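Here is what TrEMBL says about this protein:
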type: BINDING; residues: His324, His329, His504; note: Fe cation binding site
type: DOMAIN; residues: 1-76; note: domain 'PLAT'
type: DOMAIN; residues: 76-632; note: domain 'Lipoxygenase'
type: SITE; residues: Trp61; note: site 'Essential for stabilizing binding to COTL1'
Amino acid sequence: MKIVMQTGTYTVTTPSTLGRLLLVKLEKEQYLFLPENKWFCSKVVVTTPEHDVIYFPCYKWVSRGEVVELRGGKASKVFEDELPLLVHHRKKELERHKKLFQWNEFAEGLPHINSAKELSALPAEVLFSFSKEVETIYTRESGMFELKLKGLADSTKQWEDFDKMKKVFWFRKTPISEYVSEHWKEDDFFGSQFLNGTNPNVIQRCTTLPPNFPVTDEMVQPSLEDGSSLETEMKKGNIFICDYKRLEGVPTRVVNGEPLPLTAALCLFYNNPEDNLTPIAIQLEQQPSEQNPIYLPSDSEHDWLLAKMFVRNADFIEHQNSYHLLGTHLLAEAFAMATLRSLPIMHPLHKLLIPHFRYTFPVNTISREILFGPEEGLTKDTTLGLEGLKELLKRAHSEITYSSLCLPENIVARGLESIPNFYYREDGLKLWNVINSFVQGMVEHFYSSDSEVSRDSELQDWINEIFIHGFLGNGKSGIPQRFDTVKEVIKFITMVIFTVSAQHSAVSMGQFDYCSWVPNSPIFLCKAPPTTKGCSSMSTIFETLPDVGSTVRGMASIWLLSKKYSDFIPLGSYPNQYFDETDGYFDVTKQMMKHFQAELSYLSESITERNSTFTPPYNYLNPAEMENSVSM
């Protein structure tokens, strides 16, 4: 679908000298008898009679009768403004933004959000472009129209075979989604997903078995190398675990008078001599008992497959809510709110960060409006209702630490420095370093000393707002309450940009690839896990899977969440010109951006080359494919 927009350039000339140009005012005239027609102004470029060129960035919609006052020139920090007019303009801009962007509580224990209840209540300057809005509506409606034509969206029938399931969305397939539908039962593929699928965030090295997971050598010996033992393999660093204990006791949606099952599963993995990560033991509830057996690869085919499906369901719930929604979308909104409320457009860190918050407000507002309403998304077609969702997010948020948001520290804390074939780690650490190098150059250019950091009251307000509203003043999180050094600023800005671009891409971009085949990532399961082994059959599996309508509606939602739109802006691209640091003929910020883009391009080429050698490829941290912001 192609959207054509009209653009224009307007030139105004004056023969008179302008003196020192501080501000430019724009006003859209009132045509009382014509309908409202907002204009989007990108920038004003002034070439003075003395041939100086001054950029006044705008990048916002201008309504009828509205007066927009723009400031141009080089970026400045609050203590660098001396003229009363500029000090007043800076203060008024922040006052205006604090009225437009007000904090609101979404739920107790969660990051605060913007107060807009619906899309129309958002300020025009942060809304979707017209093309993005039209494409979003078209994608959602066309997907559901196809399903309704097939008579599937409202079907309450149970699936009877997997071949029929493969015919859903037959023209909306990807090479990886087809690969998943063919290999989802295989143990090697099952294990690989916890490293390179949509949720590489849970798995960690296991050096000691949890006391509530009584796996014995006798149980797993057939899965280990001949003559080895569980203790030996743990010492070698070959045993890993996924523990979904956070899900224990989370309330679920009630269907036909019964709550849907949600298992707080534990899954043990072995990195075998062929460097394949394979599951070797699964316990579906936290407390061991005779009614909670430990499932093994040596069990019957259907018992083992069903146990793996419950693990994948637990992983899907954690992925979508704790790591995708909370860990990227809600944190991105908190970062964006603090930026608009505390850093005026002339602040260098506003200019650096604002491209990374493009569309974050409308995306999150639509999500809350559509997905979390009492009759929509999460209360209709997944395991958790609204109560369970809020409870899980509250638990996950209380466990977030600054260290866990910084990938190099996260990898070390989970003991994953050396596990082979972990492309999320390999690509992510390289990308973190590239972003960090770029941020270091930009921050050090604008802050020549630690004292300048301490003196910047706007910067201190920014980090304090994030600490209070994004992390609810939780000192145990390790999130800084203020900055005292340039080094601290560099690390935090690196984390912010990585979270809203790379981390979001890692947990979002592969959703259709890995989650559209519902048996591989069940949106919910209908029957509780069996309490004894040897009772499961293929009929049990189909009875446990979601019904036809829920399955296909889930697939449609995942398609919408994974789609790349025509106005996609990749990481490192800055089409809007916020910086104007020209000194003579040289602009150091533009040079740093070009170097950043070159480094991202080199990384992208190396990822593409590597991916050509194996299937399925890992492309979710390819800079050329990831969005600059949380925009879908």
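Each Cβ is built from the backbone N, Cα and C atoms, and glycine gets one as well.
For Trp61 (site 'Essential for stabilizing binding to COTL1'), the same-chain residues 6+ apart in sequence whose C-beta sits under 8 angstroms from its C-beta are Lys38, Trp39, Phe40, Cys41, Ala124, Glu125, Leu127. Within 8 A of the CB centroid of the Fe cation site residues His324, His329, His504, the other residues of that chain are Tyr323, Leu325, Gly327, Thr328, Ala332, Gln503, Val507, Ser508, Val630. Close to His504 (Fe cation binding site) in the fold, though at least 6 residues off in sequence, lie His324, Thr328, His329, Ala332, Met626, Glu627, Val630, each with a CB less than 8 Å from its CB. Cβ neighbour count for His324 (Fe cation binding site): 23 (other Cβ atoms within 10 Å of its Cβ, all protein chains included).
Broken down by DSSP into helix, strand and coil, the domain 'PLAT' (1-76) contains 0 helix, 29 strand, 47 coil.
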